[in-house]
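Undergrad: From TrEMBL, for reference:
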DOMAIN    133-223  domain 'Cytochrome c'
BINDING   C146, C149, H150, M269  heme c binding site
TRANSMEM  313-331  transmembrane segment
Amino acid sequence: MLSRLSTTTALRAASSLRPTLTSTPIRSLTTTPASSPFADRRAAVTWLAKAAAGSLVAGYTLSEYVFTDERLAPVNEAVYNVAQAVSKKAKEMGLEVKLPFLEAHAFSMPDHGLHPPHYPWDHYGWNKTFDHASLRRGFQVYKEVCSACHSMDYIHYRNLVGVTHTEAEAKALAAEYEYKDGPNDVGEYFMRPGKLTDAMPRPYPNEEAARAANGGAYPPDLSCISRARHGDENYIFSLLLGYCDPPAGINIREGLHYNPYFPGGAIAMARSIFDECVEYEDGTENNASQIAKDVSTFLGWASYPEHDERKKMGMKFLVMSGILMGFTVWWKRFRWSYIKSRKIVYKPSKVEQI
């Protein structure tokens, strides 16, 4: 009897020692851990700002005044000599070891063309759009100069509406050309005036005719030429104005022209952009640079017709994302503030005395 009583008393004492979880809200939601080296959040932000500024100043100083090309040249030469000696020793031992600093893959201008410089185009800014007046002038340059040899199969007259021309102007431009259509009720094909749904007219009926008229060279389609060339508008602008005499030692065969920006240096297209070769309808100065700039801008738009709309949608997305981010942070603090600020306490109950 006594042993049973002692066992029951021990079980009651053990159960009374179980911890009890209670939630008591804490008024301050921003508590600093005891292990934090900062007094508060402001001190941490201040230290981070000072560290970022110091890193920026130190990085600029090291790159501009310490690790310069003149100072690093002896180091690079020493590393190269050591790597070459190790490679030579390994080769004598019958081993083939490939080490860095021994091979250099240089840019070849004859194979790839001279790299075009980067020009400050108006539409390159994150909040900038195409200059639509320049687009209209560029279309005029294409129509009067480039369309004699180059096609634009993926640009239709409807694409010009609201970009370079009004709907009535685009319809008038399309009606200047005749397109083959049909068959009609009697099964015959006929010619009709162009419509907004028609593409730009081709200068040649097929590739063979184009090559025959240009000495074997095929003028590429200009619909996506800016997207298809490294440098985009910079390449087109540099190519149009880059014609010059070949340097000494380079011979260009008859029918070709020297242009350092074209791969190989020899291009079949003769220079077509000169001062006053196009008379602008809006009175803009028509020197060669302005004409090349306008047609390069137009061809850039032809490759990226969604450019303006994409940036507009991107700005809308950023604004909405910022608003939703604010609501998300507020909702997280609202929903989790009670759980994150609770305190766990233990309330042991009294042990029954026998």
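Glycine residues also receive a Cβ, built from the backbone N, Cα and C atoms like all the rest.
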Undergrad: Taking 10 A as the limit, how many CB atoms besides its own sit near the CB of M269 (heme c binding site)?
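TA: For M269 (heme c binding site), the 10 Å Cβ neighbour count is 19.
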Undergrad: Do any residues of this chain, six or more beyond the ends of the transmembrane segment (313-331), have a C-beta under 8 angstroms from a C-beta of it, and if so which?
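TA: For the transmembrane segment (313-331), the list is 127.
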Undergrad: Based on Cβ atoms within 10 Å, give me the single least packed residue among the binding-site residues C146, C149.
TA: C149
Undergrad: What are the DSSP helix/strand/coil residue counts across the domain 'Cytochrome c' (133-223)?
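TA: Its residues divide into 35 helix, 12 strand, 44 coil.
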Undergrad: Given the recorded heme c site (C146, C149, H150, M269), which additional residues of the same chain have their Cβ within 8 Å of the Cβ centre, ordered by sequence?
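TA: Neighbours within 8 Å of the Cβ centroid, excluding C146, C149, H150, M269: V145, S147, A148, P219, L222, S272.
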Undergrad: I'd like the Cβ neighbour count for H150 (heme c binding site), meaning other Cβ atoms within 10 Å of its Cβ, all protein chains included.
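TA: H150 (heme c binding site) is surrounded by 21 other Cβ atoms within 10 Å.
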